[in-house]
Amino acid sequence: MYTYRQIFSQAIKIAWQNPGLWVLGLLVAMLGSSGELELLLSSYGFGGQGLILAFWQGLAAGGLFTLGGLANSFAVFFSNPFFLFIFILLVLLVLAVSILMIWLINVCLTALIDQIINISRGQTLSLASGFGLGLVKFWPILGLNVLLRLISWALFGLGGLFILFDFPGSALIALLGFDLILILILIISFIGKYAICGVVLKDWKFKEAISAGWQLFKRNWLLSLEIAFILFLIYFVINSLLAFYLPLILFYFLKIYAGFWFGLALIFLLLFLTFIFIQIILTIFHWAAWSIIFVLLTNKKATLVSRLKTGFRRLAS
């Protein structure tokens, strides 16, 4: 029987002892390294994906995509051809970067999961093999990630409707409804994790992955919650410590190197790289833990059960 300690110990060793995975971890971190927490907070990690999304959201918030905004834009564009050329060039550039990042992140996610399991089985790291598999699995992995995001956004939008209601007891209904939506988003994130691992490791097709991911979650829902809670605690504690200590270290060196801008820039760069590196390790650790758990849950010879379920059985006996 496997224990959580063995799984997390193996996951952190894989993340720490294999620098070849760090590049993959950096790119996958742009998808969001905090797992279920990332979905609940609708965060987009620290990387390029969030910046790209912010660009398009900024255009939408500015009213560009409304009828009036489009009409005014066309009037300005055709009255100033040079401005039109620069704007189109900028949009095409951001669109190209967006497509490249989406492609690269999803390919790297497949490569990361594949190589994590290969390393856990004692095989040698092969980035070429991982990228090759990532190219083959790109569309189903992209489809699962897009579907996961769309459903989560739709549920968040539904939760926002509860706030607009105004009738006796509406506050309580809004609170209960929002809690229910959070639970549904968690369930979707678990199904997504298992489905993605199934596509990469078991060659599941898109529809098969969703169905099998749901069945796997149903059989192991309590274990999934326990794992997610432990990973959340690890992520929260580490990032809380970073948020507390990194500014203190920066302020300390601001006093020492006051006026020495090169030294301050170097210290800031080192602290920033430290933060990025820890996020990379957390990302690899996160996916290593879920990938190993998926393999154990789908392996008939291996045994992995919920700690709470085991504890209740012991109390009952």
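Using N, Cα and C of the backbone, Cβ positions are placed for all residues, glycine too.
Taken from TrEMBL, the feature transmembrane segment applies to 20-41 (among others).
Positions annotated as transmembrane segment by TrEMBL: 53-78 (among others).
If you look up TrEMBL, you'll see 84-112 (among others) marked as transmembrane segment.
Per TrEMBL, the feature transmembrane segment maps to 124-141 (among others).
Positions annotated as transmembrane segment by TrEMBL: 147-165 (among others).
According to TrEMBL, the feature transmembrane segment maps to 172-201 (among others).
The transmembrane segment annotation in TrEMBL covers 221-242 (among others).
Only residues 6 or more beyond the boundaries of the transmembrane segment (249-270), in the same chain, are considered here, and none has a CB under 8 A from a CB of the stretch. What TrEMBL lists as transmembrane segment is 249-270 (among others).
Positions annotated as transmembrane segment by TrEMBL: 276-297 (among others).
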For the transmembrane segment (172-201), distant same-chain residues with Cβ under 8 A (at least six beyond the ends): 35-36, 39-40, 109-110, 113-114, 117, 133, 137, 140-141, 144-145, 147-148, 151-152, 155-156, 158-159, 162-163, 165, 208-210, 212-214, 216-217, 221, 224-225, 228, 290-291, 294-295, 297-298
